[in-house]
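**Student:** Pasting the feature list from Swiss-Prot:
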ACT_SITE  His21  active site, proton acceptor
BINDING   Arg17, Asp18, Ser171, His200, Tyr291  substrate binding site
BINDING   Asp18, His200, His202  Mn(2+) binding site
DOMAIN    9-261  domain 'Pyruvate carboxyltransferase'
SITE      Arg17  site 'Transition state stabilizer'
Amino acid sequence: MPYSADLDIRVTDSSLRDGSHAKRHQFTVEHVRSIVGALDAAGVPVIEVTHGDGLGGSSFNYGFSHTPEQELIKAAVETAERARIAFLMLPGLGVQSDIREAADNGASICRIATHCTEADISVQHFGLARELGLETVGFLMMSHSQPPEVLAKQARIMADAGCQCVYVVDSAGALILNAVSDRVSALVAELGDDAQVGFHGHENLGLGVANSVLAVEAGALQIDGSTRRFGAGAGNTPVEAFAAVTEKLGIRTGIDTLKIIDAAEDVVRPIMDGDCQLDRLSLMMGYAGVYSSFLKHADSHARRYGVSGAEILIEAGRRKLVGGQEDQLIEIALGLADRGPAGSAVAEKKSA
């Protein structure tokens, strides 16, 4: 069953939310207007805008925003002629008043994210969002860390709370092909007509587009990506590449492939501080199963304490750290510095 009469699937571009991690949360109103204008003209139906860690994320722990996110949401709403504006929030980091303010500023889609075993903390937030007339989307983050049957049960909690689409979220970019299909299929079977299923991928193992196509084949009706992979880690599924592939496969997204390719090169690329690429650290995140937004933090701590960023990430993966535990990366870096090269995480892994 297609997403709608006009679209087989709906694509959400996360460049102005997930890309905030790569930009170190330094987006300006001018950046938002430029990117939203280009994506809107290319036919992208939904554009997500907030701090990388969602509403209320501007903080010492996560990184301070250059411009208050509510101002960015306002600018996005004012600029978009067709696209709808979405926002992300993590319960406990963002609060209910943040949702109300985002709705007042014109955003119409509320995306609520929890760790994939903690869907219960989203219940009251979904209730509020539905009361406000917002469309609701749920994120089961770090979905690689749990088997399909566990994710399906967590998805049921979100759907029963009023969530209209539950996403398998590959926060670490660690899922490989059939692992995506199995998880999406499990959610589709559990939710039936009660809620749609979506997929959010990262490029940390170079599989963003392939995984997203497999998610669609397994029944996902909503897919996330970022233009020119503008996101955490190695970035998200590149919207321009996904648009080209889906066009060749006859999957209707409503996105003009040539226009989104131009937007990626002419508008988004100049705003990026550098390309989001598959390098040593981002590859290590997918390999070790580490939350993608840890990339900049691990790199900074590695430089500060004179240790290997890859070793920091391997240890973070061993500890199974999740979003919100960024402070432990400092502890890991200090431990590596104290132990020296002979006691490094890589050395221990090789000798095991």
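Cβ atoms here come from the backbone N, Cα and C positions, even for glycine.
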**Student:** Please list, in sequence order, every residue of the chain apart from Arg17, Asp18, Ser171, His200, Tyr291 whose Cβ lies within 8 Å of the Cβ centroid of the substrate site.
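**Tutor:** Same chain, not in Arg17, Asp18, Ser171, His200, Tyr291, Cβ within 8 Å: Ser14, His21, Gly52, Phe139, Met141, Val169, His202, Gly231, Ala232, Asn236, Ser292, Ser293.
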**Student:** Fill in the CA-CA distance, His202 (Mn(2+) binding site) to Ser171 (substrate binding site), as an integer in Å.
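**Tutor:** Per the Cα atoms, His202 (Mn(2+) binding site) and Ser171 (substrate binding site) stand 7 Å apart.
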**Student:** Using DSSP, would you call Tyr291 (substrate binding site) helix, strand or coil?
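**Tutor:** In three-state terms, Tyr291 (substrate binding site) counts as coil.
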**Student:** Please report the DSSP secondary structure of His21 (active site, proton acceptor), reduced to three states.
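**Tutor:** DSSP assigns His21 (active site, proton acceptor) to helix.
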**Student:** Mind giving me a neighbour count for Ser171 (substrate binding site)? Other Cβ atoms within 10 Å of its Cβ, every protein chain shown.
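**Tutor:** Excluding its own Cβ, the number within 10 Å is 31.
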**Student:** Give me the non-local Cβ neighbours of Asp18 (substrate binding site): same chain, 6+ apart in sequence, Cβ-Cβ under 8 Å, ordered along the sequence.
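**Tutor:** Correct list: Glu48, Gly52, Asp224, Ser226, Phe230, Gly231, Ala232, Gly235, Asn236.
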**Student:** In this structure, which of the recorded positions His21, His200 has the fewest other Cβ atoms within 10 Å of its Cβ?
**Tutor:** His21
**Student:** Rounded to a whole angstrom, what is the largest C-alpha distance between any two of the residues Arg17, Asp18, Ser171, His200, Tyr291 that the record assigns to substrate?
**Tutor:** 15
**Student:** Relative to the Cβ position of Arg17 (substrate binding site), how many further Cβ atoms are located within 10 Å?
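**Tutor:** Excluding its own Cβ, Arg17 (substrate binding site) sees 31 Cβ atoms within 10 Å.
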**Student:** Per-residue pLDDT averaged over the domain 'Pyruvate carboxyltransferase' (9-261) comes to what?
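**Tutor:** It averages 96.
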**Student:** Given the recorded Mn(2+) site (Asp18, His200, His202), which additional residues of the same chain have their Cβ within 8 Å of the Cβ centre, ordered by sequence?
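**Tutor:** Apart from Asp18, His200, His202, the close residues are Ser14, Val169, Asp170, Ser171, Gly173, Gly201, Asp224, Ser226, Gly231, Ala232, Gly233, Gly235, Asn236, Thr237, Ser292.
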